[in-house]
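So the structure is just underneath, and the comments pick up after that.
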């Protein structure tokens with residue numbers, strides 16, 4: 001029986017640290033290897049180099065100073081020369097959990113087609129209804145023919161649910177069905193669940209690879225550049241913003257309020273605002289604001305209405321929750337996935353605006369509130385997301401076939417990587433010791449660290465309100481920041497190093513200047 005896993009850390013000269021992903025051979029020695037079928041695949045005959053070099057890694061941080069250490073690296077995704085599964089022995093399954101997101105069906109399709117067309121696998125099951133589907137529902141046989149056109153539909157053909165994670169029942173089902181590759185598509189809670197499944201599989205000593213494909217429409221997953229569905233959400237949000245703008249400018253003192261997704265992170269609201277150019281004010285969870293008094297939201301609305309005669313406000317669902325909680329004296333509640341249940345800040349702030357201008361300003365306003373959340377979540381993904389989902393799916397398939405497990409996939413600074421579920425625990429201290437030059441770098445090669453957390457779910461990625469992207473938005477909308485100098489100073493202190501690995505918080509390579 002295998003013991004719980006340890007984080008695999010490989011250290012090199014100049015502060016190089018590889019956060020490696022687990023491999024089946026870590027707990028099942030002497031596994032047989034097989035030539036990768038891709039070398040005989042006609043589609044790949046034109047590829048100059050079939051396989052990723054075994055030592056290829058991707059740097060988490062690419063903007064460094066000349067004396068900076070090389071920093072954290074992740075194993076590069078892609079096909080390996082040797083695989084640890086014969087095509088005929090693979091029995092894979094796919095499960096989708098949590099809320100809907102554009103691109104789910106595309107990921108499902110490309111996992112199935114990748115397994116069939118690249119590796120000759122012909123046994124793939126879809127788990128019906130999320131994690132509980134492992135032990136409570138029927139499975140769906142997936143073939144390229146079954147999934148041929150599902151990318152044209154929204155939602156997930158496998159169904160989804162929140163909660164239902166009973167580890168022993170899930171792994172019992174995996175073991176009883178003879179499944180040896182598990183592909184888990186879902187967000188924060190889902191990836192935590194996948195990590196627990198991996199640990200139980202390892203404890204039982206099973207030859208089963210567990211691969212995660214991270215999903216969140218909010219784009220709040222740390223480390224990776226962008227989550228799938230985000231581009232589609234920003235594109236679809238333009239429809240709602242345009243409708244709000246048309247309504248607002250067609251009537252005296254018209255105000256259009258649009259609420260977009262963003263429980264803890266305001267990326268959709270920020271990018272949709274920047275793309276639209278019709279928005280006068282954008283409110284996000286990361287940037288506190290207040291309603292009344294000098295410099296408050298009400299004063300800004302009054303001035304903008306006097307200036308233009310109409311305005312559009314975009315807010316993320318998590319914005320102003322502190323104000324709303326105080327007003328309603330709401331209690332902290334959670335859904336089945338452990339997410340905090342938020343009050344509808346859009347309805348609340350719309351009513352507050354109406355009350356303020358009717359009672360105190362004696363000013364007639366015409367406010368239209370639009371909440372396109374479920375329309376956005378349910379649409380099929382756009383072209384760029386379809387391509388992105390294909391790359392994610394294929395990267396997961398390559399990793400599982402190569403024997404890697406306990407990992408999730410995603411682009412890090414433009415290169416797809418395998419990121420361990422587990423968070424490094426001793427990297428800070430190890431790097432500190434390396435930097436001061438106490439022991440030699442080679443002394444730490446192959447060391448392991450105790451398990452403390454989850455790498456891909458350690459915290460939500462958030463908009464940094466002291467970085468250039470937020471400054472671009474403030475410049476575009478000409479809105480006040482609504483925050484005092486003390487808050488700015490605290491934000492700068494908390495983000496001495498940008499949370500993304502690009503200069504000044506530019507979170508995606510497309511935003512480079």
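Note that the numbers count up from 1, one per residue, in the order the chain is shown.
For all residues, glycine too, the Cβ spot is worked out from N, Cα and C.
Per TrEMBL, the feature domain 'Phosphofructokinase' maps to 93-398.
For residue 190 (ATP binding site), the count of additional Cβ atoms within 10 Å of its Cβ stands at 27 [all protein chains shown]. Summarising the annotation, TrEMBL assigns ATP binding site to 99, 162, 163, 187, 188, 189, 190.
Sequence annotations record features per position, and here TrEMBL assigns Mg(2+) binding site to 188. Cβ neighbour count for residue 188 (ATP binding site) (all protein chains, 10 Å cutoff from its Cβ): 24.
Residues or ranges marked as site 'Important for substrate specificity' by TrEMBL: 189.
TrEMBL lists 216, 217, 218, 261, 262, 263, 317, 374, 375, 376, 377 with the feature substrate binding site. Just so you know, the Cβ of residue 218 (substrate binding site) picks up 28 other Cβ atoms within 10 Å once every protein chain is counted.
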Problem set entry | Predicted model, mean pLDDT over the domain 'Phosphofructokinase' (93-398) | 92
Problem set entry | Pairwise CA distance, residue 216 (substrate binding site) versus residue 163 (ATP binding site), rounded so that it is a whole Å | 16
Seminar exercise, completed: One of the binding-site residues 187, 188, 190 has its Cα closest to the Cα of residue 377 (substrate binding site), namely 187
Problem set entry | residue 188 (ATP binding site) versus binding-site residues 218, 262, 317, 375 - nearest by Cα | 218
Seminar exercise, completed: residue 187 (ATP binding site) sits from residue 317 (substrate binding site) (Cα to Cα, rounded, in Å) at a distance of 17
